[in-house]
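Copied over from TrEMBL, here are the features:
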- SER77: active site, acyl-ester intermediate (ACT_SITE)
- LYS80: active site, proton acceptor (ACT_SITE)
- SER137: active site (ACT_SITE)
- LYS250: substrate binding site (BINDING)
- 47-279: domain 'Peptidase S11 D-alanyl-D-alanine carboxypeptidase A N-terminal' (DOMAIN)
Amino acid sequence: MKKKKRRKRHGRPFYTFSVFLIVLLFVGLALAENMILHPMAKVDLSGIDSEYAILVDAGTGFKLAGKAEKEQMYPASMTKIMTAILALEKCPDLDETMTVPSDIFDAIYSEQASTAGFEAGEVVTVRDLLYGVMLPSGAECCLTLARGIAGSEEAYAELMNQKAKKIGMRSTHFVNCTGLHNDDHYSTAKDIAKLLRYALKNVDFRAIFTSQSHAMSPTNVHPDGFTVYSTMFRALGDRGFTGGQLLGGKTGNTFRAGLCLASLAEVKGKEYILVTAKAEDAGDAHVTDALKVYGQIGEQ
């Protein structure tokens, strides 16, 4: 007696394909609705002073405008965005304390690096070190975190490179945690925008990044604490632009990097990230460039 051949069932592949089409349809409708509610901004970067720039939609990461954004440049203290987000991920307990090493200050002073105001032997919370990294751009805070987490700045820089690779920063290489100049320490405007967009997903990072000032807790060296201020907001002063506001930013400045700024702004209810680098090393051209770019969106 011959066995009947079983017919192959094709229902499951058809069902899977149908679900895929439905999902694709809903995604398309959502994107279309977003474009209607928030039409794509048209921005011209030819009038800014910065040699490198990129403007992206903070929500989608979509590039709206670019200027040599894939070309290698020196990120200066925009490096500290990576220093901070990596520290947040490695030390989720922000009340943990670290002691500021005494042997880091000779190099800091010789390089004329900026500091937050902590001193050798001071016992500081991770939270205050992070604010010291991001607001006044304190090199001693960066180095204290690097030593406390990885044992040395070199080891921490390696962790930074590993993180950069994971989040798709393909044209970036770090050799330090401060952004002080080194020919082998480089990035692109595109990569820094990708880094900032990633970091802003962390609630603690966003809170720090968007702060104008922060009161440091009392320590063994500063029993009354002290207050630090955002370098970007201090440069901004009372200036603004039509239709929105700057929410936060990380400045940078070395002779080779020029004036740099990685910023977040809200314009007409939508958030944007702008990264600029190598503006004229005088005044506040980096902040002026940001106001020009975001202002173009606000005026549309």
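Using the three backbone atoms N, Cα and C, a Cβ is placed for every residue, glycine included.
TrEMBL entries are annotated by machine, without manual review.
Cα-Cα distance from the residue listed as 'substrate binding site' to the residue listed as 'active site, acyl-ester intermediate': 7 Å (rounded to the nearest whole number). Here the recorded positions are LYS80, LYS250, and the one with the most other Cβ atoms within 10 Å of its Cβ is LYS250. For SER77 (active site, acyl-ester intermediate), the same-chain residues 6+ apart in sequence whose C-beta sits under 8 angstroms from its C-beta are SER114, SER137, THR178, GLY179, LYS250, THR251, GLY252, ASN253, CYS260.
Within 10 Å of the C-beta of SER137 (active site) we count 28 further C-beta atoms, all protein chains included. DSSP classifies SER137 (active site) as coil under the three-state reduction. DSSP assigns the residue listed as 'substrate binding site' to a strand. In the three-state DSSP assignment, the secondary structure recorded for the residue listed as 'active site, acyl-ester intermediate' is helix. For the domain 'Peptidase S11 D-alanyl-D-alanine carboxypeptidase A N-terminal' (47-279), the predicted model reports an average pLDDT of 98.
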